[in-house]
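Asks: The following block contains the structure, expressed as structure tokens.
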Amino acid sequence: MSQILARLFPPQTRRPDEVVIEIGIVLSMLFLVYMLTRLKKWGWLWREWLTSVDHKKIGIMYLVSALLMLFRGGVDALMIRSQLALPNNHLLPVGQYDELFTTHGTIMIFFMAMPFLFALFNVAIPLMIGARDVAFPRLNAISFWLFAAGAILFNISFVVGGSPNAGWTAYPPLTELRFNPGVGENYYLVSLLIAGIGTTITGINFMTTILRMRAPGMTLMRMPMFVWTVLVTGALIVFAFPPLTIALLLTLLDRLFGSSFFTLGHGGMPMQFVNLFWLFGHPEVYIVVLPAFGIFSEVVPVFSDKKLFGYPAMVGSVLAITLLSYVVWVHHFFTMGAGPSVNAFFGVSTMLIAIPTGVKIFNWVLTMWGGRIRFTVAMLWQLAFIPAFLVAGATGVLLATVPVDYQMHNSYFLIAHFHLALIGGTVFGVLSGMYYWWPKMFGFMLNERQGKWAFWIFVSGFFVTFVPQYMLGFEGMTRRMYTYPAGLGWGPLNMVSTIGAFVQGLGFLVLVYNVLWSMRYGERDLTGDPWNGRTLEWSLPSPAPSYNFAVIPAVTHRDEWWEMKQSGKARAYKVKSSAIRPIHMPKRSAMPFFLGVSFFVVGFGMVFSWWVITIIGALGVIASLLFSAFDYNDSEEIDPEDVRRSEASLGRLEI
Amino acid sequence: MSQAVRHLELPEQQLPLEFADYHESIKVTGFWIFLTTDLVLFACLFATFAVMRYDFANGPTPIHLFHMGPLILETALLLTSSFTCSLAIYQSRAQNKTGVLSWLILTILLGIGFVGTEVHEFISYVGLGATWHKSGFLSAFFTLVGTHGSHVTFGIFWALTLVVQLVKRGITPRTSRKLYTFALYWHFLDIVWVFIFSFVYLVSMTGGKMA
């Protein structure tokens, strides 16, 4: 018994700050259970959310999870910055510092950026293409619950067993058993494998949805730009996630079952991991940034009152970026000795990406040119993205220059570069998308004034944090450094950077306040089209009814809803009563939730090599799959009368 | 969703059941994309094997281990099972339930023969002291071939559930779509095996000169 406890709670889970957090977690869980019981909300939670296969609700669950993960990853970042604020600082123990930069990176990429994007995929894509759900609604719920299982497993590591501590890239041989004997790396590997299955399914699901379920008349070149970017993101996921799966799986086999892939002895080859990881890792950058580009391509035309400039060039550049993203992975390790000719190839291919990206920046600016710009919060995030991404891109080209990279590799210059790209690109993108589609999700607006406060505070903090890091990189400060001596002159710049990080944290709090305030007092969106939008989702009420479209629209233009409004036919979206047919919809199911729980149990058993637990979880997985195979009762028809009643109550029925 | 079949050129009656039904045909599209992910998965394992194929670490080498006998048997069993699987599809087109079931059960038996032979082969290697702990080469070998073998095993259980569903429900758009996707999966594993046979076994046995 005491042995089990010693494995579950090793010393690194018993640091004073963590004990406080653990008590906080337990208390807030108890409070949640108490509130759900008192308000009698358990049944509601189960029926409306946990067993839902509705893409709009799954989208909201992704959004809530992503915001929680943004908070966790942000706290990690603030602890890192506090440690680095002063020279010779020992605020945190050195082991905890290693754990923090590992969990910060992993959470922000896999459990914040990706689910945040999937939230917006789910919320917007079916509505934009005139579909009633995604191609595989139940698989969509499975994707979410596998992500949730992975995320929870990863997040409990600091409470139970100890966090991973080998960086988010988890290079062997440091991650091998010999150098890293705790369970932390097991948590990293198992949780990313589980979440990765979910992500792969999401990629397949959205590709199939977009390829097969568009409304009649919506040709590929009439798809909204966001739909294009999600389509290619699906393709990127399909080709990029298997290498990650293999890299993680082989490391796990080394650790749990004694194979010799990445060990130092026995003919292992750690370099193979690095190649596999970045074969995934570079396309991953575009998996998280291309959908953000898509969001900007929706937001800019709407708030400039102009159609998107150069649509075919936008499509072409997205496709070019997609293809190029597969042939640049070696630029993550120029210094590992691939030789001049290989490095030259990958340096040039990396620089080439700047061209289609530049095309896109120009097109957004030219869309605004001569337009009537409305400075809404969604638009402000886009406007802040342009300078941030420009600097990130330009410094990226610098890093792609091989001799320069030998100087800058793994320095704070690199840290500043990819934070400008990932926050300036992805985070600004998803926040822009969140403010833009919020009324469509919830039926009320986020307060614009508070949103602008959050925006200005966050963006100022953002530049104050990361611009000094470029300079620190030039001065030789390397990443993952625990502390530094006083004589190097790095102190003031680090202090500025830390202050900026706390300002960003304040910006996040204002954003949360913005959301909570608006939940109570926010303006209702009664029209369904609060921004004077251009694409089909704005033709629906906010929030959309469960079946989305009572009658599937026939599309004749790229900005279909805009054209309908212009030609005075907007009333055509009032539904003719006689045109309503029975609607085929998926039924809710407990299976995805159960599968997620089972995978969590499998994963937890594997982390500790407690095989009985793993087998119990595996039986749950098998039971779920068998249930699915024999379950033919997974969809239902909605009676046209019910649809008529619901459309009439929304004031959209034409007799 | 009645915009349904507009993508398809042929009139509905001429299409096989699983393509004539809009919802089922979407699932076939999705399955092709899934197979792409599986293909990339195997590609990564092949690449890993290619990189590590000389990392013997003073352990056993291919010439010590591999023998033609079991390999020919495995290849014959799996390729034949692919043929019988196609015959099952052919029978489903003809709406012949008994035909489908017989060919499908034969496919399962051939699959079991393949997995059994492979397990026997692996056990004999381990008996010679060739565990995957020994060397990078053996790790890569067992993982690549074992991943294929576990795919075949999964396929066998999948086919068993199909047998039950076909007996219970007959040949409907849904069961024939499930049969069709199973066949895609089974043929895919067959192709992967051809590459394993050529690039893992044959090349290693001829002294390890890749092509």
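Glycine is treated like the rest: Cβ placed from N, Cα and C.
Copying in the features that TrEMBL gives for the protein in this structure:
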TRANSMEM  A:20-37  transmembrane segment
DOMAIN    A:38-556  domain 'Cytochrome oxidase subunit I profile'
TRANSMEM  A:58-80  transmembrane segment
TRANSMEM  A:144-167  transmembrane segment
TRANSMEM  A:187-206  transmembrane segment
TRANSMEM  A:226-253  transmembrane segment
TRANSMEM  A:273-296  transmembrane segment
TRANSMEM  A:308-332  transmembrane segment
TRANSMEM  A:344-366  transmembrane segment
TRANSMEM  A:378-400  transmembrane segment
TRANSMEM  A:412-438  transmembrane segment
TRANSMEM  A:453-472  transmembrane segment
TRANSMEM  A:593-626  transmembrane segment
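What's the neighbourhood like for these features in this structure?
Replies: When Cβ-Cβ distances below 8 Å are used as the criterion, the transmembrane segment (A:144-167) is approached by residues 7-10, 12-13, 18, 21-22, 25, 58, 61-62, 65, 69, 72, 95, 98-99, 101-103, 105-107, 110-111, 114-115, 118, 174-175, 180, 182-185, 187-188, 190-199, 201, 480, 592-593, 595-597, 599-600, 603-604, 607-608 of the same chain, each at least six residues removed from its ends.
The list of residues near the transmembrane segment (A:226-253) in space but at least 6 beyond its ends in sequence, with Cβ under 8 angstroms from a Cβ of it, reads 117, 121, 124-125, 128-129, 170, 172, 175-176, 185-186, 189-190, 192-193, 196-197, 199-200, 202-207, 210-211, 259, 261-262, 273, 276-277, 279-281, 283-284, 286-287, 290-291, 293-295, 297-298, 314-315, 318-319, 322, 325-326, 606.
Long-range contacts of the transmembrane segment (A:378-400) within the same chain, counting only residues at least 6 positions beyond its ends with a Cβ under 8 Å from a Cβ of the stretch, are 292, 296, 299-300, 303, 331, 347, 350-351, 354, 357-358, 361, 364-365, 408, 413-414, 416-418, 420-421, 423-425, 428-429, 431-433, 435-436, 452, 455, 459, 462-463, 470, 531.
Within the chain, the transmembrane segment (A:453-472) has long-range Cβ neighbours (under 8 A, six or more residues past its boundaries) at 81, 377, 380-381, 384, 388, 395, 411-413, 415-417, 419-420, 423-424, 490, 493-494, 496-508, 510-511, 513-514.
Non-local neighbours of the transmembrane segment (A:593-626) in the same chain are 7-8, 50-51, 141-142, 144-146, 148-150, 152-153, 161, 183, 186-187, 190-191, 193-194, 252, 256; each lies 6+ residues outside the stretch with a CB under 8 Å from one of its CB atoms.
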Asks: I'd like to know the mean pLDDT over the domain 'Cytochrome oxidase subunit I profile' (A:38-556).
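Replies: Averaged over the domain 'Cytochrome oxidase subunit I profile' (A:38-556), per-residue pLDDT gives 96.
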Asks: List, by number or range, the same-chain residues at least 6 past the transmembrane segment (A:412-438) whose CB is under 8 A from its CB atoms?
Replies: 63, 66, 108-109, 113, 116-117, 119-120, 123-124, 285, 288-289, 291-293, 295-296, 298-299, 302, 376-379, 381-382, 384-385, 388-389, 391-393, 395-396, 399, 444-446, 451, 462, 465-467, 469-470, 472-474, 477-479, 511, 531, 537
